[in-house]
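Heads up, the thing below is written out as C-alpha cells.
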Amino acid sequence: MKKRIFWKDIQKSFSSSFGRFLSIMLLLLLGAFALTGLKVTTPDLQRTASHYLSTHKTMDLSVIATAGLSKDDQKELRQIKGATVEFDHFADVTIKGTDKAVRIFSNSKKLSTYKLVSGHLPKKSHELALASTQKGNYQIGDTITFTQGKEANLKQTNYKIVGFVNSSEVWPTKNLGSAAAGDGTLTAYAVVNGSAFDSDFYTIARLRYDNLKNLNPFSDTYIKRLNNNQEKLDELLEDNGGKRLKVIKAGLQSKVNASRSLLAVSKQQLKQKKAALLYLSGEQLSQAQQTVLKAEAKITENEINTRKAQDKIDGLEKPVYSTHTRSSSPGGQGYSTYESISKNISNIGNIFPVVLYLVAALVTFTTMTRFVNEERNNSGILKSFGYSDSDVMKKFVVYGLIASLTGTILGVIGGHYLLPKIITRNVTTTMTISSPHLYFYWSYTLLAVGLGLLSAVFPAFWVARRELSEKPAQLLLPKPPMRGSKILLEHVGFIWRRLSFTQKVTARNIFRYKQRMFMTVFGVAGSVALLFAGLGIQSSLGRVIDNQFNHLTTYDMLVLKNNTTQSNINEVSQFLKSNTVSNYQEISSQNMDVMISGQKEKKTISILATNKNDFESFIHLKEAKTGKKVILSNEGAVISKKLAAYYGVQKGDLLSFKDENGKKRKIKVSDVVEMNVNHYLFMTNKYYREVFNENPSKNAVLVSLKDGSVKNISNQATKLLAMKGVSAVSQNSSLIKMVNTAVNGLNASMAILVIVSILLAVVILYNLTNINVAERIRELSTIKVLGFHNEEITMYIYKETISLSIFGILLGLIGGDCLHKVIISVMSRDTVYPTAVDWYVFVLPVVVIIVILAVLGWIVDHRLKMVDMLEALKSVD
C-alpha cells in the first residue's frame, strides 16, 4: 500500500508537470541529436569511402610520365616490394562536333576497377563503356565518335557503347577537373579495351601497397605511411627522366644522322650530275638541268627538315615522372573534396554540438533544481508519512532518469540514422560513390547517455539530498523569502527617482532572483551564439567564391605554353593580340609539392613570377591584415596567408623548404597576402633567379577576355588547346565550380544545425518562462487582486524577461562572433574562409529571439488569464 501510494505520487509528478518533463526531454534530445549526429557523420563518411575503395582495389599511388613509361621503367616499378603494380593507358579526346573533353582509360584488371552500372565492360577494341553520368545523353548500342587531341594515341575514333560505369578514382558527376582536350574541362570518362591504344609505352602505373590495405584511408597512420611510400617512390624515379631523355634523343639522333648521311650522298650525286652537264648539249642538257634544279630543291628541303629535326632534339625537355595520391591524380578532385568536407564536419563536430549540449545541459540542470524546490512541500508530506530520505530522493531520480533517457535515446537514434543520412546524401549527391553506409557507435551513445544523466539526474540527487536534510516540519513550510537589500541602481539617485513603480519592481526582481537572471541571460546568449555561429559559417562559406574570384584572382584563364618551335609561339601570340583578348600578362608558373613540418601530407604551392612589380589586373595582391595593395620586391617573395601560417612565418622572416629535387631553398617573406583558395608564392623574375639559380621560363599567360561569359571562356579555351603551342588551359569558371561543390556540401550541413539551434532556443525560452511564471504565481495573484489589469500583470513579469533577453542577445552576438571565428579557424585547412559575415547574420538571431519571446508572451498572457487567483493565494501552512 505504501509503495503503491509512492509510485502513484511519482506518476502524478509527471502528469502535473508534463510541460517541464517535455522540455527536459527535448533539450536533451536536441543535445544528443547534434552531438552524436556530428560525431558519427565523419566516421560514416570515411567508412563508406573506405568500403568503396577497398571493393574496387583503388590505387594508393600512381606514376605518370610525360613521355610514357618505358620497359625499363616498368621493370623498375615491378621490383617494388610489398606493392601490386598495374600499367595502363589513358588519353584525353573530344566528342566530335563539340568542345566536350572525355578521358579514355584502358580497362584495368587488378587495380582501380570500375563499378558496372549497366551493360558490360568492353571486350573488343571498338567497344566502350561510358561514365554513368552520360546515361541521359547516350544509350547502350549508340556509336560515339571522338576527335583525337595532340597526345592521344587511339587506333580508331568510332566506338560502340556497350555499358555504363562508375570510376573508383573519378568521383564527381560534374566538374571532373582539367583536361588536355576540348575546352580544358573534363566532361566525362570512358573505358576501352587495352588493345584500342596504339602505343608501346604505358601512360600510367598504379600501385597498391600491402602496408596500407587494412587502414582507414583518412587516418593519420595511413597518411604517414603513404607519405613514406611516396618519398621512396620519388627517390626511385629521381634519375629516370635523365635516362629516358638520353634514350629518346639517341633514337631520334640516329634518324637525323641517317638523314644527314643520305643528304651527303645526295649532295655528292648532285655534284656528279653538275659535272656531267659539261658533256651534254641540246635537249639532253635542258633535261639534265631540270633534273639538277629539282635535286637541289629537294636537298634544300631535306636540309631544312634535318635542321628542324635537330632543333627539336636539342629543344627536348627532360621527361617528368610525377607521383600522385588519390586526391592529386587526374580527376581526383572529388576524393579531395570528399576528404575536406568530412574533416571539416569533424572539426565542426568538436565545437558546435559541444557548446549546444552545454547550453541545453545547464538549462536542464536549472530546471531539475527548480523542480526539486517546487516539490519541497510534497517531500515534507512523504517524510512525515514515514518514507525514508532515499525513497523520497528516488522520486526525483526516477523523474530525471526517465526524462533524460527518453530524450537522449531518441536523440541518439536520430543522431545515428537521420542527421548523418541527410549530411552524407548532401555530400555525395554530386558524386558517383556508393550510397552512404550508416553505423552504430556505442562510444558516442554512452557519452550522450552519461551527459544526459549528469544533466538531469545529478542535480535532482544533489539538491534533493540538501533539501531532505531538513526535518519534515521545515519542509512543510515554504522557504522564507530572500532577505531584501538595495540593488546598485538604487544608489544612483538621479536615475532611480525617475523610474516608475513597475520599472523599480522589475529592476529589483531581476537582481533578487540571481540564479534565474543568470540562466535567462545564459540561455538567450547561448541560443543567439549558436544561431550566429551557424549562420556565420554559412555566410563565410558563401563569401569564399566572391572574395577569391571577384576580388583577388580576376583573370579568365591561365594558359600554359609549350614553347617548342617558333611557329607554335607565333600562333599563341597571334591569339593573345586578337580582338577577343582584353588583356594578358606573360608570367612564369610552376607547381611544387612540398612537405611542411607539422602537416600530415604534402601541400601544392603555386609559384608565379613576373618581370613587373605586380600582376596588374589579373591577381590583386592585398595585405592580409590591412587589405592594402602589395607591390612585388626584388628583395623577397610575397606569400599567401595560409601558407605563412603553415610555416609559422610573417613579414620579414626567412622561409626554408626543400623543393621536389630535395634542394633546400630559402625565401625572404616580403609580405603576406590574402588568398582564400590554394597556396601561392609571388615574386619577381630577378628574385626567382636568386632563389632557384635559374631563369624563370615564360611558360604561362594570364588572360582576360573582352567577353567574360562562361560560354565564351569555354570556346576560347577550346581554340587554345587545339594549338600545338599550348599544353593546358585553366579556367577560373571551372575552379569556381569545384570550390562551389565543397561549399555546398558544408552549407547543407550547417542549415540543419541552424534549425536545431532555433528549436533549442524555443525550448530554452519556453522552459525559462515557464519556471518564472510557476515560481511567482502567488506574487502575480496578489497584484491581480490589488487591481492590476491582465496586460499589466503579463508585462509585470515579462519586462524582466525582455530586459534580460536584451542583455542575453548582446552577449550572444559577442559570444557567437567568437564561436564563429573559432570554428572557421579549425575548418580552414587549404581553403581560407573569411571571418567577415553578412548583415543578416547579426539580424536573424535577434529576430528569431524576438519572435519566440512574442509568441511566448501571448501564451503567458493567456495562461495568466486562466489562473484561479484565490486558489493560488491559499496558504501552504
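Keep in mind that glycine also has a Cβ here, set from the backbone N, Cα and C atoms.
The domain 'ABC3 transporter permease C-terminal' annotation in TrEMBL covers 350-466 (among others). Residue counts for the domain 'ABC3 transporter permease C-terminal' (350-466) by DSSP state, with H, G and I taken as helix and E and B as strand, are 96 helix, 1 strand, 20 coil.
What TrEMBL lists as domain 'ABC3 transporter permease C-terminal' is 752-859 (among others).
The transmembrane segment feature in TrEMBL is assigned to 351-372 (among others). Residues 17, 20, 23-24, 27-28, 30-32, 34-35, 37-39, 396, 399-400, 404, 451, 454-456, 458-460, 463-464, 467, 515, 519, 522-523, 526-527, 529-530, 533-534, 753, 756-757, 760, 764, 767-768, 771, 774-775, 819, 822-823, 826 of the same chain lie 6 or more positions beyond the ends of the transmembrane segment (351-372) yet place their CB under 8 Å from a CB of it.
Residues or ranges marked as transmembrane segment in TrEMBL: 396-419 (among others). Using a Cβ-Cβ cut-off under 8 Å and counting only residues 6 or more beyond its ends in the same chain, the transmembrane segment (396-419) has close neighbours at 10, 13-14, 21, 24-41, 364, 368, 371-372, 375, 438-441, 444-445, 448-449, 451-453, 455-457, 459-461, 463-464, 752.
The transmembrane segment feature in TrEMBL is assigned to 439-464 (among others). If one looks beyond the transmembrane segment (439-464) by at least 6 residues along the same chain, the residues whose Cβ comes under 8 Å of a Cβ in the stretch are 24, 28, 31-32, 35-36, 39-40, 43-44, 47, 357, 360-362, 364-366, 368-369, 371-373, 379, 392-393, 396-397, 399-401, 403-405, 407-409, 411-412, 415-416.
Among residues of the same chain six or more beyond the transmembrane segment (517-537), those with a C-beta under 8 A of the stretch's C-beta atoms are 348, 352, 355-356, 358-359, 362-363, 366, 510-511, 746, 750, 753-754, 757-758, 760-761, 764-765, 767-768, 772, 800-801, 804-805, 807-809, 811-813, 815-817, 819-820, 823-824, 827, 833, 837, 840-842, 844-846, 848-849. The transmembrane segment annotation in TrEMBL covers 517-537 (among others).
Proximity of distant same-chain residues to the transmembrane segment (748-768), defined by a Cβ-Cβ separation under 8 Å and at least 6 residues beyond the stretch ends, is recorded for 19-20, 23-24, 26-27, 30-31, 33-34, 38, 41, 345, 348, 352, 356, 359-360, 363, 367, 419, 422-423, 426, 516, 519-520, 523-524, 526-528, 530-531, 534-535, 537-538, 541, 801, 805, 848-849, 852-853, 856. Residues or ranges marked as transmembrane segment by TrEMBL: 748-768 (among others).
Per TrEMBL, transmembrane segment is recorded for 804-827 (among others). Proximity of distant same-chain residues to the transmembrane segment (804-827), defined by a Cβ-Cβ separation under 8 Å and at least 6 residues beyond the stretch ends, is recorded for 344, 347-348, 350-352, 355, 510, 517, 520-533, 536-537, 540, 746, 765, 833, 835, 837, 842, 845-846, 849, 853.
Within its own chain, the transmembrane segment (839-860) has Cβ neighbours under 8 Å at 524, 527-528, 531-532, 535-536, 539, 758, 761-762, 765-766, 769, 773, 794, 797-798, 801-802, 805, 808-809, 812-813, 816, counting only residues six or more beyond its boundaries. The annotation transmembrane segment is assigned in TrEMBL to 839-860 (among others).
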How does the model score the domain 'ABC3 transporter permease C-terminal' (752-859) in terms of mean pLDDT? 82
